[in-house]
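In what follows, a single structure is set out as structure tokens and then discussed.
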Amino acid sequence: MSSAEVTAAAKPADAPEHCPGTASESAGKASACAGCPNQQICATGPKGPDPSIALVKEKLREVRNKVLVLSGKGGVGKSTVTALLSRAMAQHNPDRNFGVLDIDICGPSQPRVLGVLGEQVHQSGSGWSPVYIEDNLSLMSIGFLLGSPDDAIIWRGPKKNGMIRQFLTEVDWGQLDYLVLDTPPGTSDEHLSAATFLKVTDGRWGAVLVTTPQEVALLDVRKEITFCKKMAIPVVGVVENMSVFVCPKCATESDIFPAKTGGAERMCADMEVRYLGKLPLDPRLAKCCDEGKDFLAEHAGSPTVTALKGIVARVQEFFETDRLTCTCVKRVLT
């Protein structure tokens, strides 16, 4: 392990920002420990790294790329973008394997969106087996563990963190080229847990942020970008969802959510992150999500599908282009 990995491994997944680490002499005693759910355990327990970190690293050793889908604002289409992104990559790369992990613990929607609502997770000797949507696309969600889709999950942070830890250590993903994680809105327990665990795994990882054009959404996405920078999460870029409405009859574009301050593209320029592209609003997409149908197959000629292809290409470029080579080439050219 590198020194950075050791530092990360010495902090619980639900630790506060300035946690001294479980191996520190001030563990459970520092001012940053006040209010932490682990304070008493750290103060009295043996000093050492969180064993879950090594477990996660081992379990995900065959997962090449991890994609966090984030947004500070709810209702902007994170789950829809997660489903579209994973389906598109799986269909365009039939010889590769993809997985979706739904860590929106209190509002799991991927089972419905991906058309496997009501399926059950099976236990094997190597852990939980994810539910397969296609031969090369699988899903794990707490939605599969509920007795009814109407059941409410009323959990505090530590229990959510424990569930995410369980997903990352007990699901038998096998070899994956991409694992796409659907997250809840905000910058809270689920995001901290996922970032803490993923940052020490092998391979590449990064965050795709989703927004809509209006300022009320951009305001929270700016905070999410700041969160990523503070947590050292590589930012793949920003997707502007529901950017325009394209009339299916005459192809005329209408701004349903007018961008008052330049929209996501201007925000990306200001905050120095990549603008991945915009997805037009299509009512047929909402219908497909509700019914668990594959929008890409049902409406292959939609402007949304055309735009999605460009976004998928840019996401895969981030993970599969040798960044060191690109940097060196850029320096030579300049």
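Here the Cβ of each residue, glycine as well, is placed from N, Cα and C on the backbone.
Values in this document were obtained by computation on a predicted structure and should not be read as measured data.
DSSP assigns Cys36 ([4Fe-4S] cluster 1 binding site) to coil in the three-state reduction, placing it in neither a helix nor a strand. Within 10 Å of the C-beta of Cys36 ([4Fe-4S] cluster 1 binding site) we count 18 further C-beta atoms, all protein chains included. Residues or ranges marked as [4Fe-4S] cluster 1 binding site by Swiss-Prot on the basis of sequence analysis: Cys19, Cys33, Cys36, Cys42.
Here Swiss-Prot flags Gly72, Lys73, Gly74, Gly75, Val76, Gly77, Lys78, Ser79 as ATP binding site, drawing on sequence analysis. Look at Lys78 (ATP binding site): DSSP puts it in a helix. Within 10 Å of the C-beta of Lys78 (ATP binding site) there are 25 other C-beta atoms, taking all protein chains into account.
With a 10 A radius on its CB, Cys247 ([4Fe-4S] cluster 2 binding site) counts 9 other CB atoms from all the protein chains. Taken from Swiss-Prot, the feature [4Fe-4S] cluster 2 binding site applies to Cys247, Cys250, supported by sequence analysis.
Look at Swiss-Prot and you will find 1-24 tagged as region 'Disordered'.
Counting other CB atoms no more than 10 Å from each candidate's CB, the binding-site residues Cys19, Cys42, Cys250 peak at Cys42. On a Cα basis, Gly75 (ATP binding site) lies 38 Å away from Cys42 ([4Fe-4S] cluster 1 binding site).
Its Cβ placed at the centre, Gly75 (ATP binding site) has 10 other Cβ atoms within 10 Å.
The Cβ of Cys33 ([4Fe-4S] cluster 1 binding site) lies under 8 Å from the Cβ of Pro16, Cys19, Pro20, Ser26, Ala27, Gln39, Cys42, Ala43, each of which sits 6+ residues away along the same chain.
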